[in-house]
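Marked as compositional bias 'Polar residues' by TrEMBL: 646-656. Per TrEMBL, the feature compositional bias 'Basic and acidic residues' maps to 679-689. Under the heading region 'Disordered', TrEMBL lists 19-55, 646-689. The transmembrane segment annotation in TrEMBL covers 175-199, 219-237, 533-552, 558-580, 601-619.
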Amino acid sequence: MDYGQHAVSHVDWQDWIDLEAGSRADQPGRQPERSGTKPPLSSASLGSPRRFSLPEAPIPFPEDAVLADGGRILDIQRPRSNSLPYSSISSLDEKIQFPEVRNAIITPSPFAAESNLSALPQVATLVGEQIVEEPSGDLTCERNPSRASIRSLENYYKKKRVKFRGKKRSKFAQILFQYSIYLLLGCIIYFVLVGIPLWKGSVWWLWWAMKYKMVVKGGTSIFISVAFFYAIGTLFVRYEPDPTPPRPEELQAVLEKNSSTALIIACYKSAEIIGRTLEAALQIFPPENIFVVANGNSPTPLDNTEEVCQQYGVNHVWVPIGSKIVAQFVGVYAAHRSQYVLMIDDDCALPAGFPIVSERIQRGKGKGLVKCVGYTIKAVGPDGTKGNIVQQLQDMEYKLSGMARKWMATWGTATFAHGAIALWDRDFILKCFRHHPGFKISEDWFFGLTCRTLGGRIVMCSSVLVETEVPSGLFIGGGARGGFGEMTVYKQRFFRWNFFFLFRNWHTIKHILFDWNLGIYSIGDKVYTFQEIYTTLLYVIGPILLVLSFMIEPEFTAIITGAMLGMYFSIAMIFNEVILRKKGEMVSRKVVILYYMPYKMVLRLMNIVSVYYSAFTYAKYFAVRHLSIIEDEQVIELVIHSKPTVSQGTSTSVGESRNPAPEGVDAQDWSSDPFTFSPERDSHMNNDS
């Protein structure tokens, strides 16, 4: 602002103080300042800390202004610390209608005890009468729909359509690929590892080197040091304080903040459990911001999840493709009005006072900005109970894992957020969908890798622990579902969680060597990304090294093995007794002492076997080329050929357009109306598939 252009004069704040106190005329030693002089900004008296010299435009008086009444001095009021004094006579206060969101030049009052603004005038953004945290010049504009645009997705797919369709393999090519991989694996096992009787294989040479050339004790010390470094970090972080319920005067602001976030619940045959999730969600989100995206390989819904959604008045979407990541993709596009999306599983119950920490997500396109916030979780049994011993052991696992990710985030970024719940910048997660390989399992790990590759950081919120239901049996189902409906931990870990342990090393190594989009945070990212390679190598060569070590140094190996088990047990006990006790989330001491280490040993053996099993299963799995989300024609057409409708209820699903599309609304634009699918296009797609 050009102050000279507006006849800026000097205003002495001490005058305002004296005028309010009625003591200006009573100060004989106070001399009026000469007109036309303008002391420098730094001329405040050292003995009077309240004296500030700030520029201000003169206030013009109306011609018919009444400045006094019977010798009475007009009252001067200052209702806010950052406001200028004004008269209490209403005729002098002309009401000016300001826009709801506007930019203004703010000069903070020197009498404010605390202020986020500097002492000099600066541009700030006001929403109503409240100054927002980060001034921005584009808040008066609608959110940039760049990657949220359906047309953007359609144009991108049209350019790549021929390339995408060429990725499918014929049946003969699939069989040839599968058995070629089997032959390759057989050759590696015999000619490289075994070799005898043709020659001595690598296992024999490893034994020879360990016995005659290498120092087993020295190598073991390195192994223990690395394991200790990665394990001990969990004890260096603490849970955040529990969120405080908003005061009545803050409730409206909290609701407005939450209205910028959509809740996406991807589910499969969840009619029996979705009610509890929705009851908790409706305490935090308005119904129109909740999207239940049911999915399955069927043109019609597989259960009555939609009826449950109608009872609660939330949005329901049926996706005829059985895939969690596809359901999330469609749900994020359905939530086109939101700036942020919170994606959760159908068995996650949001606790009371759940904080939507969207302020932690950083806007912009720079390197190393926070684009995802994960939440710490805890395992529970049916209806939020502690569950049996197996479920309590998983609870301990989940809590350790959550704080390990929080420790990683202090180095820059966590490797990935829990798949059960994560808060994302909507435009950024749509960008991640375009680079995600599209695998239907371990999608949360690939989301984390894609996020970090694109320059986004992942941080953790630990003020709450979100409940998620877990399997009740280790090897034998106990009748309660968990995760993807598995009844046992064995099926959950062996066939899903561990499946890509071996395959993802290629992506991990490439990320460590070539991806530096996090700026300075890339250093911490590389350190903990290497942990994944280190863990997988232990699963692959650990059994061989352990057997050879017992053959060469049996006593020393037994001692070291016991020391390693003792280290992990000690960390678990300290974590439970100190960190979890302080948070009020302590796991039963009896369960931790008697069962935790045997449980971890069984899981370690399960992980080792599953890695070898997956190496052979890859031949069949990758014989079929797996298209990414934006390469799958069915998925893209689900989004592109959707038909917006204005529904009487908020629940919509495939094949049930409750009202015709409004006139003038493009069927390929999700910018104005509730979400549903075109029944004609959807039935055509299912016939083709």
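Count begins at 1; order follows the chain as displayed.
Glycine is no exception: its Cβ is also placed from the backbone N, Cα and C atoms.
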(message) I need to check the long-range neighbours of the transmembrane segment (533-552): which residues 6 or more away from its ends have a CB within less than 8 Å of a CB in the stretch?
(response) 203, 206-207, 210-211, 216, 220, 226, 230, 501-502, 504-505, 508-509, 512, 558, 561, 607-608, 611-612
(message) Need a quick answer: max count of Cβ pairs under 8 Å to the transmembrane segment (601-619), which of 175-199, 219-237, 558-580 is it?
(response) 175-199
(message) Give the nonlocal contacts of the transmembrane segment (175-199) in its own chain as ranges (CB under 8 Å, at least six residues past its ends).
(response) 169, 615-616, 618-620, 622-623
(message) Cβ under 8 Å, sequence separation of at least 6 from the ends of the transmembrane segment (558-580): give me the contacting residues as numbers and ranges.
(response) 220, 224, 227-228, 231-232, 234-235, 238-239, 396, 399-400, 403, 546, 550, 586-587, 589, 592-593, 596-597, 600-601
